[in-house]
Structure formats: structure tokens, C-alpha cells
Amino acid sequence: MNSRLFPVVVLFLVTAFLIGPFFIIVAASVSGGETLAFPPQGLSLKWVAKVFQVESFRESFAMSMLLAIGGTGAALVLGIPASYALSRYRLPFGETIRTVVALPIIVPGIIVGLALLRYLVVPFRFNITLALFLAHTALVLPYAVRVVSASLNNLRSDIEEAAVLLGSSRAGAFFRVVMPNIRSGILAAFILGFVTSFNQVPVSLFLSGPGVRTLPIDMLSYMEITYDPSVAALSALLAFMSIGIVFIAERFLGFSRYV
Amino acid sequence: MFHSRAEALALALPAAVFAAVVFLAPVVILLAEGFRNAEGWSVAAYTGFLSDPLNRTVFLRTLRLGATVTVVAAVIGYAAAFAIVNLPPTAKGRMIGLVVLPLMISPVARTYAWIVILGRTGIVNQALTSVGLTDEPIRFLFTETAVFVGLLQLFLPLMILALISALENMPKDAIPAARVLGANWFQVFWKVILPLTKEGLVIGGTLVFTGSLTAYITPAILGGSKVLMLETLLFQRVTVANDFVSASVIAFILIVMSFAANLLLKRLATARSKR
């Protein structure tokens with residue numbers, strides 16, 4: 001094949017494969033018909049409207065938002081000091097700490113969820129929402145440490161030493177010199193953590209109970225009983241939400257270098 | 001330095017303790033359960049699990065899907081990454097954005113799209129019937145092919161991104177030099193590009209392979225109970241039969257396979273570079 005045409009064809013096909021399904025969901029969700037179909041049978045926003053009327057979707061959306069914001073916040077509260085200590089000092093057991101903190105990314109989420117259900121929720125009658133919160137925090141922690149460490153490593157450590165020599169306290173040097181300089185890294189970690197937690201399924205599979213369910217789990221079970229386009233509409237809305245977040249993040253942070 | 005080591009350790013410990021208590025301890029207990037029976041330590045659960053033909057089928061299918069998705073993703077990934085790296089800067093940035101974008105969209109939503117495409121009244125079947133290639137809709141959903149396509153779409157971006165950064169770090173004149181010296185494109189790829197980008201290939205390959213092994217959403221939606229993979233089997237054993245022993249065995253197999261894949265790929269990378 002022509003060597004100039006080949007890359008264009010490859011990029012077209014790959015983009016169509018990666019992004020195409022998204023357009024199909026959007027098209028299916030504005031269908032006027034009763035069942036899922038493409039091309040859509042007439043135009044209507046009734047399925048988009050229905051998404052907002054299903055009560056369980058509203059509840060599980062609130063739950064997922066809470067977990068994503070709270071879990072990522074907690075992971076950053078744990079992760080920022082840890083990244084700071086790991087990047088600035090040669091700690092005893094430093095490698096062990098790094099590995100333990102990074103493990104939740106390697107071990108399949110479904111196992112974490114099952115283990116928490118079996119050894120925390122069942123024997124101690126532990127609150128499921130709280131267990132979900134802990135699981136999501138553990139899940140986001142590796143991303144928080146990785147992204148924050150990366151931006152700390154790009155920051156020269158002599159400016160904080162200068163601040164301390166000029167009379168600032170150590171905590172003061174951290175909050176007034178280091179924090180402002182790694183703000184965009186922290187924001188990128190928050191966005192990555194939020195998206196990871198919000199879209200997470202396997203960890204939450206076993207951790208659901210009466211009235212406690214995350215949105216993706218709710219979508220999975222809704223899919224099993226109905227075949228109407230409302231899940232497509234919800235998927236499209238969620239995709240638009242993600243695109244909005246990524247677009248804003250890319251605009252202000254150059255987000256893709258952190259992923 | 002200004003802080004004492006003890007103070008620095010105090011900053012790092014909360015995160016480590018949290019991960020150890022909330023995550024490591026429960027998982028280790030769960031894994032240990034699979035090695036115990038009434039009399040003490042035993043591997044009876046493992047021999048029992050593997051003697052069931054259904055379990056063996058699911059195990060082999062998971063391995064097969066993981067391997068094929070990784071190989072196909074590597075082939076497409078090299079072509080795409082090579083094309084992207086050679087774009088002018090603005091177009092390159094946009095293209096990388098387009099590759100990152102799907103990673104941010106809910107996997108449930110992304111997998112759901114394949115129901116619209118591959119379903120009985122989906123696009124593919126409508127196209128086939130209107131052209132007259134088939135009278136009855138062909139069953140695509142709940143087949144291994146559907147799961148394969150879903151997994152590939154889910155994990156291809158990870159491979160492309162890993163290969164892009166590997167190709168960017170390659171010396172710019174390596175390919176022209178090989179061409180001038182008379183190598184054809186196949187030789188350029190096999191003897192120049194592949195050895196110089198193998199680390200990226202190892203990273204991308206590990207991500208795609210372990211991602212496919214431990215996928216739940218894709219086999220659950222596109223495979224159903226007809227095409228079980230290890231994670232959907234685990235879920236089914238626990239919810240249908242309350243069978244925590246099998247769950248522990250599957251969990252251990254998944255973790256071992258993830259680690260083994262990582263080690264094997266690393267070994268392959270160093271073995272090639274020694275020649």
C-alpha cells in the first residue's frame with residue numbers, strides 16, 4: 001500500500017473503532033421507538049427524560065458521586081503526605097511502602113470487594129456504604145500516589161529548603177511553597193481518581209445492599225430486566241459528562257500527560 | 001535534609017497502614033481460605049476445581065481471550081502508534097486526546113454500545129439482511145467473538161499509549177539509517193523498531209493481558225452465562241452457590257496469572273536484548 005495513504009487509513013479505522021460506538025449510543029438514545037435500535041426510529045428525547053425519572057438511577061448516581069468525591073479526597077489526604085515522604089527521603093522500608101500502596105491497582109477489584117464483604121461486612125455487621133467508601137479509597141490511592149509523586153519529582157527540592165532557611169516552619173514551607181507548585185498535579189490526580197472510582201464496577205459488585213448501589217452496578221442490573229433505550233441514554237449522558245471533564249482538564253492542565 | 005527520618009516515615013505510614021488493613025489483609029485471608037480444609041493446609045480445593053471440565057473450559061477460555069486480545073492489540077497498536085508519532089504536533093495532540101478519551105468513559109457504557117451494534121436488530125444484522133447475505137439474524141451476542149471485540153475496544157488505548165511513548169523515545173534517525181542501509185520494512189520493524197520499543201510493548205502488553213484476564217463487565221454483558229470467564233464464574237459461584245472456596249481458588253489463579261504475565265513479558269524483553 002501507498003506509504004502516505006497507509007497511516008491515514010489506520011488512524012481512520014482505529015478512531016472509528018474507539019470512538020464510533022459512542023456515536024451509536026448517542027443515536028440510539030434519541031430514538032422514538034420502544035426498543036433499542038439503530039438507526040433510531042424517529043427522533044425523541046423521551047428516553048433521556050426517562051433516565052431522570054427512574055428513582056434508583058437518581059439514588060445510585062448520588063451514591064457514586066459521593067464515593068468518587070469522598071474516596072478520591074480521602075485517597076489524596078493519605079496519598080499526598082506519603083508521596084512527599086517517598087519522593088524526598090530515603091525511607092526505611094520505602095520500597096515496601098511503595099509496593100503496598102500500589103497493590104490495589106494490581107489485584108483484581110472483584111477479589112477486594114469479596115474479601116471486604118466476607119471479613120468486614122458480614123462478621124462485624126459493618127456498614128456497606130462505609131465499606132464501599134474504604135474500598136474506593138484504597139482503589140484510588142495508587143493513582144493519587146503515582147500522579148502526585150510525578151509532579152513532586154518535577155519540582156526542585158531546594159526551593160523548600162530555601163524557605164526553611166529563611167525562617168519558615170516545615171509545614172509552612174510545604175503548604176506555601178510545595179503545594180502551590182504541585183496544584184495542577186493534585187487536580188489531575190483528583191480527576192483521574194474521580195473517573196476511576198465513578199466508573200468502577202468489580203470492587204462494588206459484592207458491596208451492594210438494600211438502597212446501597214453504585215450507578216454502574218445499577219445500570220448492569222437494569223440492563224438485565226429491560227431492553228429499552230434508557231440505558232443507552234444514561235450511557236450517553238455519562239459519556240458527555242466524562243468528555244466535559246476531560247476537555248476542561250486538558251484545556252487547563254494538559255491532562256493526558258498524567259494518564 | 002530538614003525532616004528527621006522518623007517524621008518522614010510518619011507521613012508515609014498512614015497510607016501504607018490503610019492499604020495493608022483495608023486491602024492487603026482481607027485479600028490474604030481470602031486467598032489462604034482456598035488452601036485450608038477441615039484437617040489443615042491442603043490443595044484439595046485446587047485439584048477439585050480443576051477436575052471440573054466446566055471450570056477448565058472457563059480457565060482456558062480466559063487465557064485464550066487474554067492472549068488473542070493482547071496480540072491483536074499489539075499489531076493494531078504498533079500501526080496506530082507509528083502513524084500518530086509521525087503526525088505534525090497539533091494533529092498528534094488531538095489524536096492522543098482521542099485515544100485517551102474512551103478510557104475516561106464508563107466501561108459499562110462502552111460495552112453497552114456493542115449490544116446496539118451486534119444485537120439481533122443491531123447494525124451488523126440489519127446490514128447483512130438488507131444485502132441479502134442472511135435471512136435470519138446471526139447470533140453475535142453471547143459468543144466469544146463478541147467478548148473479544150468488546151475487550152479489544154476497552155484495552156486497545158492502553159497499548160497505543162504505551163507504544164506511542166516508546167516510539168517517541170526511539171532515536172529519530174534509527175529508521176532512516178536502517179532504510180538507507182537496505183533493510184525492507186519487515187526487517188526495519190523486526191530488527192530496529194521492536195528491540196528499541198520492547199519496554200513499551202511489555203508495559204502495554206501487561207496492561208492489556210491482565211486487564212482482559214480480570215475483566216468483569218465485558219464478559220458479563222456480551223458473554224452472559226454462555227461465555228463465562230474467570231471473573232464472571234467467580235461472581236456466579238458466590239451468588240448462585242455461596243461457594244467461597246471456588247471463589248478463593250479463582251482469585252488466586254487470577255492473581256498468579258497477572259504476576260506471571262508481568263514476569264514473563266519482562267523476561268522476553270531482556271532475552272531479546274541480549275542477542
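Backbone N, Cα and C define each Cβ position, glycine as well.
TrEMBL does not curate its annotations; it predicts them automatically.
The domain 'ABC transmembrane type-1' annotation in TrEMBL covers B:59-265.
What TrEMBL records for B:63-84 (among others) is transmembrane segment.
The transmembrane segment feature in TrEMBL is assigned to B:96-118 (among others).
Taken from TrEMBL, the feature transmembrane segment covers B:138-164 (among others). Sequence-remote contacts of a segment are chain residues at least 6 beyond its ends whose Cβ falls under 8 Å from one of its Cβ atoms, and for the transmembrane segment (B:138-164) they are 61, 65, 68-69, 72-74, 76-78, 80-82, 84-85, 96, 99-100, 102-103, 107, 110-111, 114-115, 118-120, 122, 124-125, 128, 197, 200-201, 203-205, 207-208, 211-212, 215, 218-219, 221-224, 226-227, 229.
Tertiary proximity for the transmembrane segment (B:201-224) is limited to same-chain residues at least six positions away from its ends with a CB under 8 Å from its CB atoms, namely 62-63, 65-67, 69-70, 73-74, 77, 107-108, 111-112, 114-115, 118, 141-144, 146-147, 149-151, 154-156, 158-163, 166, 194, 230-232, 235, 254, 257-258, 261-262, 265-266, 268-269. Here TrEMBL flags B:201-224 (among others) as transmembrane segment.
Long-range contacts of the transmembrane segment (B:244-265) within the same chain: residues 27, 30-31, 33-34, 45-46, 49, 55, 59, 63, 66, 201-202, 205-206, 209-210, 213-214, 230-231, 233-234, 237-238, each at least 6 residues beyond the stretch ends and with a Cβ under 8 Å from a Cβ of the stretch. Per TrEMBL, the feature transmembrane segment maps to B:244-265 (among others).
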